[in-house]
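Written out below as structure tokens is the structure these notes cover.
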There are 2 protein chains.
Amino acid sequence: MVWDAWGIPAGHKPLSAQIRGLLTQVFGVSGDPVARRDEGEVPLRESALTPDRRDGLVEVVGADNVSADHRDRLRHAGGKSTPDLLRRRADGPQDAPDAIVFPADHRQVLAVLAYCAEHAVAVVPFGGGTSVVGGVDPVRGRFDAVIAVDLRRLDGVSEVDPISGMVTLGAGLTGPRAEELLRAQGLSLGHFPQSFEFATIGGFAATRSSGQASAGYGRFDDMVQRLKIATPTGTLELGRPPASAAGPDLRELFVGSEGALGVITEVTVRVHPVPETIAYQGWSFPDFETGAAALRSVVQAGAAPTVLRLSDEAETGINLARAGDIGGNPVSGCLAITTFEGTEAHVAARSAEAGALLAAAGGTALGETPAEEWEHGRFGAPYMRDALLDVGVLCETLETATTWANLAGLKAKVTAALTDSLAGQGTPPLVMCHISHTYPTGASLYFTIVAKQLDDPIAQWHTAKQAVGDAIVAGGGTITHHHAVGTDHRPWLPAEIGELGVRVLRAVKAELDPAGILNPGKLVP
Amino acid sequence: MVWDAWGIPAGHKPLSAQIRGLLTQVFGVSGDPVARRDEGEVPLRESALTPDRRDGLVEVVGADNVSADHRDRLRHAGGKSTPDLLRRRADGPQDAPDAIVFPADHRQVLAVLAYCAEHAVAVVPFGGGTSVVGGVDPVRGRFDAVIAVDLRRLDGVSEVDPISGMVTLGAGLTGPRAEELLRAQGLSLGHFPQSFEFATIGGFAATRSSGQASAGYGRFDDMVQRLKIATPTGTLELGRPPASAAGPDLRELFVGSEGALGVITEVTVRVHPVPETIAYQGWSFPDFETGAAALRSVVQAGAAPTVLRLSDEAETGINLARAGDIGGNPVSGCLAITTFEGTEAHVAARSAEAGALLAAAGGTALGETPAEEWEHGRFGAPYMRDALLDVGVLCETLETATTWANLAGLKAKVTAALTDSLAGQGTPPLVMCHISHTYPTGASLYFTIVAKQLDDPIAQWHTAKQAVGDAIVAGGGTITHHHAVGTDHRPWLPAEIGELGVRVLRAVKAELDPAGILNPGKLVP
């Protein structure tokens with residue numbers, strides 16, 4: 001990925017005339033992008049890794065696999081939240097890890113951690129670098145130096161078991177590479193979060209990622225059957241497929257551990273055959289509450305499609321679910337997307353059952369096109385955000401989840417907190433929302449917020465984020481449904497797990513990482 | 001429950017002439033039961049609770065709710081494994097908790113724990129007393145006295161949310177009472193383990209219970225949305241429905257915590273509407289491997305019935321799945337049971353899809369009768385065990401789980417270990433097996449073992465259990481799929497989670513229960 005924006009250069013496209021017109025009309029910005037700095041000219045904080053520490057790490061992984069190169073450091077300088085990207089676009093020196101280490105395998109990760117624990121070097125485990133919560137910030141904590149441990153060389157597939165539908169994947173495999181290797185065996189993982197193109201298997205596990213096909217294939221936590229974890233104290237191998245009653249499920253302590261309790265090096269996941277067929281169907285609902293009740297009826301009946309999404313009126317009106325048509329003719333009501341994957345027989349049975357429920361709940365079938373268009377553009381939104389940031393428009397997303405009974409109330413509270421905070425700063429926002437993940441007991445809410453940037457857009461967003469975080473927790477939502485805690489959500493973790501829960505986390509960390517080198521400043525309050 | 005056997009007196013029936021005939025033929029026993037001791041005549045270890053400790057507990061819960069009564073102590077003397085029942089049938093004094101405390105609510109449980117931590121009294125949290133792994137044995141550990149904390153007074157239903165399909169249940173509610181209270185609201189939990197009639201909501205959570213309808217409604221761990229836990233250090237409230245990425249899922253540390261990390265006082269569970277209809281269908285497969293592959297095809301296609309079971313040739317031949325007909329005309333092949341619950345439309349769609357897959361995989365539909373008969377007799381097997389023990393026949397069950405690819409291999413190894421060990425002692429067993437819980441990646445294996453008793457049947461079974469435990473772990477199975485660890489499986493826990501995993505468990509316990517009063521000798525090696 002490029003250092004100061006999402007994705008690859010080819011993904012970045014100028015805004016369409018339609019969108020520029022919309023921005024001028026709504027926010028009074030011209031739509032002309034500002035220039036960004038050349039990577040080579042960006043001043044970086046000097047590396048604090050002493051030559052002897054560097055030599056020590058070289059001894060573990062080899063000289064080719066320790067880098068303090070300007071470009072390497074810049075590309076491991078953090079994640080891709082809007083504040084991250086605004087910080088990179090700002091003048092002045094950038095923070096970055098003092099070196100990057102590229103271990104070859106689990107054994108080398110263990111050795112790197114042992115070395116760093118002994119020599120007081122902080123470690124940031126690094127996968128795809130797609131965190132939007134400050135999860136890979138180069139925080140030194142109380143240590144003199146911090147290194148990023150980039151897991152890209154842990155990129156193997158092993159123990160392929162098509163009978164049980166299980167494979168073991170190296171933590172450093174990206175989404176597309178994992179799918180490519182699996183497809184060669186007729187298998188698929190089916191995990192497609194928006195970060196899919198860049199994020200890694202280890203990252204998915206470390207952050208409790210959830211993909212767009214979660215209604216069909218589950219969250220990534222559901223897929224994880226077994227984990228191999230390197231800690232400063234040794235190796236953990238957890239999870240006994242398919243299920244066990246042998247005490248607490250310790251695997252669930254490390255799914256979502258965000259590099260603070262250990263480094264996930266291998267993940268054994270549930271996979272399925274590449275689907276025989278995929279059916280697409282868009283739906284229209286008169287309003288969000290009707291649509292949400294329809295989604296609920298399908299999920300609670302055990303008839304969930306593979307993908308099941310619902311955009312609210314604002315998101316539907318601006319065509320955000322159909323990236324190619326943003327700013328085009330406004331669409332009324334609320335758009336829902338369904339896809340069905342599997343055998344011909346399964347897709348036929350399931351789409352008939354789900355379709356009947358959606359229709360009975362007030363939905364109007366729109367045919368295949370809206371769902372196909374959504375799938376075509378589904379990884380594109382982060383690129384759009386960069387284009388908006390470049391023209392002086394603030395754009396960020398956040399997500400939560402709550403029970404079905406509390407969904408409309410929480411949506412209203414979150415929208416009000418965002419609107420009040422940003423309007424109070426003189427920049428009334430557009431707030432759009434969709435449901436992208438559904439469960440028998442509730443659903444996620446994913447918000448996209450667009451407003452005119454102030455002179456200090458980082459402070460502008462920080463104010464709004466504080467307000468909305470408090471509103472989410474007070475409103476019975478979770479501070480994050482699938483983006484993890486990192487640094488940004490840490491203040492709200494005690495509200496999720498209580499002070500005693502925090503003590504439990506700290507006790508586990510103290511046992512495994514007594515020196516406290518693992519990902520300082522993340523997750524654990 | 002009666003003190004020296006399973007269940008209530010009315011459940012105990014003499015063996016049928018058919019079964020007695022079978023036992024004489026196979027094991028050479030007469031089939032005449034020995035008399036059991038009267039409850040009042042059983043000598044008990046004297047209560048070690050000093051009067052001042054008793055007074056201290058009375059101050060917390062009131063005089064009516066502390067008992068050192070002979071009958072109460074006897075009925076809290078442990079669980080219902082075959083060794084437990086054999087021990088109770090043996091002469092000599094029985095072990096028992098020194099007193100039973102019946103707290104009224106969460107606050108009183110907290111206060112009891114605080115008192116016991118301060119005064120060095122061990123605590124055994126007690127639900128239905130149905131443990132078959134020594135999970136509620138009155139172990140004093142290093143303490144002078146041990147009390148059972150019976151949670152039966154925590155029997156409320158609160159926060160009923162039919163929209164989200166969630167309710168909060170007191171930990172002391174039994175299965176039938178919880179279903180009764182839910183049915184009054186048109187709801188059902190759908191958790192029907194064999195212990196259903198006596199076990200409690202808190203016990204289901206504390207042991208990672210799994211019910212006979214797990215293919216449709218999930219394991220109890222899947223149902224748990226939120227837990228309230230009393231510990232000597234304070235209260236934990238964990239779980240944010242429907243899902244969260246806010247760090248490790250600490251709830252999963254306490255599902256399966258077996259009273260060793262805290263006392264579960266409230267469980268918020270997923271529920272569903274009472275099904276409109278239930279369809280029953282029995283199937284016959286030529287052999288176990290064909291049947292297992294058929295079950296796999298249904299589960300992996302996402303078309304699982306609500307109940308999905310398969311008996312092996314031995315279990316099918318002896319009609320164990322149809323309790324009314326044991327010893328009757330032998331049936332060839334392998335019997336499978338399916339039931340489908342839900343709306344008329346869902347049941348029709350799902351049973352058609354699953355039926356087509358089972359037929360395509362070599363199954364022959366047998367109509368409704370075998371499945372209805374199975375459902376009718378499904379809680380009866382433990383009573384049969386008592387009748388067998390009374391006539392000098394050893395009968396015990398055990399269970400494991402593994403991946404589909406490893407299923408046949410593990411089944412063979414477990415059967416061989418049991419057969420070799422018991423035949424080596426001169427008592428060749430009948431070993432029967434069924435699959436009762438299926439997952440996309442694997443299934444459970446539940447074994448029933450019957451053999452002639454030796455003079456010391458506890459030692460006889462202990463030898464077999466050691467052999468089979470080792471074989472399970474070496475063969476890639478879990479030491480328990482739904483019976484928990486307790487005292488009996490503790491030696492094998494390090495094989496499941498590793499020595500470092502054990503250290504993590506100990507660190508959590510040390511944080512929450514620094515005095516170590518909670519359920520000594522269980523779970524944590």
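The backbone N, Cα and C atoms fix where each Cβ goes, and this holds for glycine too.
Annotations in TrEMBL come from automatic prediction, not curation.
Values in this document were obtained by computation on a predicted structure and should not be read as measured data.
Look at TrEMBL and you will find A:TYR446 tagged as active site, proton donor/acceptor. Counting only residues at least six positions away in the same chain, the Cβ atoms of A:THR397, A:LEU398, A:GLU399, A:CYS433, A:HIS434, A:ILE435, A:SER436, A:HIS481 sit under 8 Å from the Cβ of A:TYR446 (active site, proton donor/acceptor).
Summarising the annotation, TrEMBL assigns FAD binding site to A:125-131, A:207-210, A:258-264. According to DSSP, A:SER209 (FAD binding site) sits in a coil region rather than a helix or strand. The Cβ of A:SER209 (FAD binding site) has A:HIS191, A:PRO193, A:SER195, A:ALA199, A:GLY203, A:ARG219, A:PHE220, A:HIS482 as same-chain neighbours under 8 Å, each 6 or more residues away in sequence.
The substrate binding site annotation in TrEMBL covers A:ARG385. Mapped onto three states, the DSSP output places A:ARG385 (substrate binding site) in helix.
Residues or ranges marked as domain 'FAD-binding PCMH-type' by TrEMBL: A:93-274.
Helix, strand and coil counts under DSSP for the region 'Disordered' (A:69-92) come to 14 helix, 0 strand, 10 coil. Taken from TrEMBL, the feature region 'Disordered' applies to A:69-92.
The feature site 'Important for enzyme activity' is assigned by TrEMBL to A:ARG309.
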Report, as numbers and ranges, every residue of the chain located at least six residues beyond the region 'Disordered' (A:69-92) whose Cβ falls under 8 Å of a Cβ in that stretch; write 'none' if there are none. 1, 3-6, 34, 36-37, 39-40, 42-44, 47, 98-100, 124, 126, 129-138, 148, 150, 382, 385-386, 389, 394-396, 457-458, 461-462, 486, 488
Count of other CB atoms lying within 10 Å of the CB belonging to A:ARG309 (site 'Important for enzyme activity'): 27
Nearest of the binding-site residues (A:PRO125, A:GLY128, A:SER131, A:GLY259, A:GLY262) to A:ARG309 (site 'Important for enzyme activity'), judged by Cα-Cα distance: A:SER131
Three-class DSSP secondary structure - A:GLY259 (FAD binding site): coil
A:ARG385 (substrate binding site) versus binding-site residues A:GLY128, A:SER131, A:GLY259, A:GLY262 - nearest by Cα: A:SER131
Helix, strand or coil for A:ARG309 (site 'Important for enzyme activity')? Use DSSP. strand
Can you check what DSSP calls A:PRO125 (FAD binding site), collapsed to helix, strand or coil? strand
If one looks at the chain holding A:GLY259 (FAD binding site), which residues at least 6 apart in sequence have a CB under 8 angstroms from its CB? A:VAL123, A:VAL124, A:PRO125, A:GLY135, A:VAL136, A:ALA206, A:LEU518, A:ASN519, A:LYS522
Count the Cβ atoms, other than its own, that fall within 10 Å of the Cβ of A:ARG385 (substrate binding site), considering every protein chain shown. 22
